[in-house]
Amino acid sequence: MSGCGCASTGTCHCGKDCTCAGCPHK
């Protein structure tokens, strides 16, 4: 899975291609 998104609860999921602010970069 790639990309990213944030739920209204404040949790975020990050794909390998995600560069969204607030997401941890691994």
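Numbers here mean position along the shown chain, with the first residue as 1.
Glycine is no exception: its Cβ is also placed from the backbone N, Cα and C atoms.
Some features that Swiss-Prot has for this protein:
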- Cys4, Cys23: Cu(+) 1 binding site (BINDING)
- Cys6, Cys20: Cu(+) 3 binding site (BINDING)
- Cys6, Cys23: Cu(+) 2 binding site (BINDING)
- Cys12, Cys20: Cu(+) 4 binding site (BINDING)
- Cys12, Cys18: Cu(+) 5 binding site (BINDING)
- Cys14, Cys18: Cu(+) 6 binding site (BINDING)
Neighbouring C-beta atoms (10 Å sphere around the C-beta of Cys18 (Cu(+) 5 binding site)): 17
When distances run from the Cα of Cys18 (Cu(+) 5 binding site) to each of the binding-site residues Cys4, Cys6, Cys12, the nearest one: Cys4
Cys14 (Cu(+) 6 binding site) versus Cys4 (Cu(+) 1 binding site) - Cα distance in angstrom: 5
Candidate with the highest Cβ count within 10 Å, taken from the binding-site residues Cys4, Cys6, Cys12, Cys14: Cys14
Distance [Cα-Cα, Å, rounded] between Cys14 (Cu(+) 6 binding site) and Cys6 (Cu(+) 3 binding site): 9
Separation of alpha carbons, Cys6 (Cu(+) 3 binding site) and Cys12 (Cu(+) 4 binding site) (Å): 4
DSSP three-state assignment for Cys4 (Cu(+) 1 binding site): strand
